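Enquirer: Sharing a structure, written as structure tokens. Questions coming.
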Amino acid sequence: EENGHHIKRLKRDADEEDAEDQNKKSPKRKIVLLMAYSGKGYHGMQRNVGSSQFKTIEDDLVSALVQSGCIPENHGEDMKKMSFQRCARTDKGVSAAGQIVSLKVRLIDDILEKINNHLPSHIRILGLKRVTGGFNSKNKCDARTYSYMLPTFAFAHKDHDVQEEVYRLDKETLEKVNKLLACYKGTHNFHNFTSQKGPRDPSAKRYIMEMYCGEPFVRGNIEFAVIKVKGQSFMMHQIRKMIGLVIAIVKGYAAESIIERSWGEEKVDVPKAPGLGLVLERVHFEKYNRRFGNDGLHEPLEWTEEEEKIAVFKEQYIYPTIVNTEREEKSMVNWLSTLSIHDFNSSAVEIQANNKNSKNSSDLEGSDGCDDDSD
């Protein structure tokens with residue numbers, strides 16, 4: 001019996017030595033991964049451990065990290081063990097061209113190729129960089145840039161009978177759209193652009209650096225345009241509501257003065273544009289780059305070499321998904337038909353009374369993870 005225990009102990013010691021040797025060959029290091037994905041069919045980026053019915057981007061990512069040998073299986077079950085942090089918690093159906101996650105992995109040979117071999121084609125790891133041991137992709141991020149691709153008929157005035165495929169955005173309307181989008185620049189109280197934030201909640205104040213709509217272009221007979229917005233951080237649904245309100249004004253459902261009014265304490269009924277066209281374009285690490293980017297040990301977190309791969313991915317997976325889904329499911333057309341039921345002139349008292357009646361249902365929407373892009 002003693003001899004049996006002795007043999008087992010020797011075998012265990014040998015296994016541990018093998019594991020140690022393996023780890024010495026590929027020690028764990030803190031890295032960031034540059035990710036691109038098409039969000040259709042997923043319930044957002046963030047993993048919900050124990051809730052397998054709602055598939056997320058991180059479910060597929062963690063599975064690929066385990067299968068490729070970058071992380072042990074138990075780290076997949078408890079993501080804190082690999083110090084995992086996402087830069088932005090994108091919402092259901094939202095895509096990304098430049099998502100960043102930070103984590104500790106074994107730096108195995110051909111690491112990117114091996115991870116991508118275990119991922120579906122609509123999720124790709126496009127780049128990898130070593131970072132400082134204490135790096136946290138969410139906390140070290142200075143700003144995020146999102147884009148929102150939408151069919152331009154969304155800006156057609158409500159009194160005009162519009163044929164979706166025939167409509168083309170004129171110069172005057174585009175100028176009006178850009179004048180309204182520019183109103184968002186600077187620091188404002190965006191409590192009306194998310195759920196569960198009161199007007200006196202300090203975290204409802206957000207800083208927007210730029211917001212504009214580019215020149216329109218035609219895809220599959222429908223004219224589209226892309227709105228770009230760069231901000232320090234965004235709350236849940238904030239970008240979609242910012243765009244939704246501008247559409248409501250341009251279409252003639254609401255007065256221009258409502259933007260200014262929405263930043264006051266009064267409750268304003270702000271419509272939320274569909275999630276389909278929203279894409280996380282880029283995350284910015286200016287402060288980190290200034291401090292560590294040229295220290296001789298670390299690279300700056302810039303992705304100029306990967307820009308061509310990002311552009312190809314968008315053309316292959318993100319833009320066709322937005323265009324085809326819009327054609328098939330008509331998400332913008334259906335949403336536009338709901339604008340007439342919004343009451344943009346309600347008094348605060350009326351809206352508060354309505355909110356009290358529906359408070360229980362709105363509480364289910366979930367918190368926004370303050371200072372974590374969760375649109």
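Backbone N, Cα and C atoms are what each Cβ position is placed from, and that goes for glycine too.
Pulled these from TrEMBL:
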type	residues	note
ACT_SITE	Asp91	active site, nucleophile
COMPBIAS	354-364	compositional bias 'Polar residues'
DOMAIN	184-286	domain 'Pseudouridine synthase I TruA alpha/beta'
REGION	1-26	region 'Disordered'
REGION	354-375	region 'Disordered'
Enquirer: What are the DSSP helix, strand and coil residue counts for the domain 'Pseudouridine synthase I TruA alpha/beta' (184-286)?
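Expert: Looking at the domain 'Pseudouridine synthase I TruA alpha/beta' (184-286) with DSSP, the answer is 25 helix, 33 strand, 45 coil.
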Enquirer: Tally every other Cβ atom lying within 10 Å of the Cβ atom of the residue listed as 'active site, nucleophile'.
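Expert: There are 23 such Cβ atoms around the residue listed as 'active site, nucleophile'.
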